[in-house]
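*Asks:* TrEMBL feature annotations, pasted as is:
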- 143-200: domain 'CTLH' (DOMAIN)
- 324-367: domain 'RING-type' (DOMAIN)
- 324-367: domain 'RING-Gid-type' (DOMAIN)
- 324-367: zinc finger (ZN_FING)
Amino acid sequence: MELKNVKDAFDRVTKKQKLCYSKTHEVVDKMSQEIDKALKTIQEDNHESVVADLKKTFEEIAPINLLEASQKEINGVLTKYPKALDKTLNPDISTAYRNVKFDTHTVHQILAQFFYRQGMYDVGDCFISETGEVKPESSVTKAFMEMNMILEAMKERDLGPALKWVASNSDKLKEAKSDLELKLHSLHFLEIAKDKTSEEAINYARKHFATYSADSCCFPEIQKLMCSLLWNRNLNKSPYSEFLSPVLWTNAAKELTRQYCILLGESPESPLSVTVAAGSQVLPTFLKYLNVLPEKRKEWQTMEQLLVPVELSEEYRFYSVFVCPVSKEHSSEDNPPMRLACGHVLCKQSINRMSRNGSRSFKCPYCPTDIDASQCKQLYF
């Protein structure tokens, strides 16, 4: 969601709070000075009309009025801040809802798979039973069960199950050019160095790092691991303190999950997680569009193509999308991208319009080449 409005509102609150704090101290200090002056006058036995003068001074300062004015200012911005939070963080997303027909079976399968991937086997079984769907093959559920067992062991700093799995899939991991096996051996090496002796750690390195020593990408990492033994008991004060970071374990767990799912023939990320994450990126654009142009809400239900550009992060781009440079429309099955004789690409409908359905040649909009529509070839991404 767009957080700039929230940040601006928060900055206004903090600014007013500092001004209010400063004003309060200023008033209190001024009153304190007047009281000290009055006390000094009384101590010098010249206390006639001191209280009356002090009262008159306080009336002139009017501390209550000053503090009330300052408090009203901060209350004003504090009242607006929750509204900014509600508007930005709790929008009415129903305005962007489209009344479209879902493939219920596919949705059920995605939800069930998510439960099994997360290790929520009883929930998955219950969901399958209540929806009447077919339960995934036992080999798939058992595989997810094994994956979650490995990940749970890693949370307890037990690398045994993970190392056993990578050993049995070593060739496939090498084909995929994954460094997962080295990551796990590195973590185990550091655990041995921490809990046992440097000699045992060196013996482990000789046994498991030798195969990676010829790899120019892996060798520098192995060198750092071996040098870290010199600081074995004070690694946190060494140039190799990075080896104590829990991020190493997190990254290893993510890579194991990714490679496990790929070898299983599943997507590295749950389809449900990807859908929710991608949707959260584009939803603010839809909400803003429909709030600015409320008259478009009825059209929104039947639009086949978005009228506003939507940008997704690179990790959510799973296939190429071609936008015709002439019509600015996305290619589709009915309007595929076509390669011209000169090498430039336009959509089929643009070519038909420019060539009057192939009845005449036309000039490429990017170069002066004369184009015969019949010689244009469809492209497949």
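Cβ atoms here come from the backbone N, Cα and C positions, even for glycine.
Where the annotation comes from TrEMBL, it is an automatic prediction and has not been curated.
Keep in mind the model is a prediction, meaning the values are calculated, not measured.
Where in this structure would I find these features, and how exposed are they?
*Replies:* In the domain 'CTLH' (143-200), the DSSP tally of helix, strand and coil residues is 47 helix, 0 strand, 11 coil.
Using a Cβ-Cβ cut-off under 8 Å and counting only residues 6 or more beyond its ends in the same chain, the domain 'RING-type' (324-367) has close neighbours at 305, 373-379, 381.
When DSSP labels each residue, the domain 'RING-Gid-type' (324-367) comes out as 8 helix, 9 strand, 27 coil, counted as helix, strand and coil in that order.
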*Asks:* Roughly where does the zinc finger (324-367) sit in mean pLDDT, to the nearest integer?
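*Replies:* Computed over the zinc finger (324-367), the mean pLDDT is 89 on the 0 to 100 scale.
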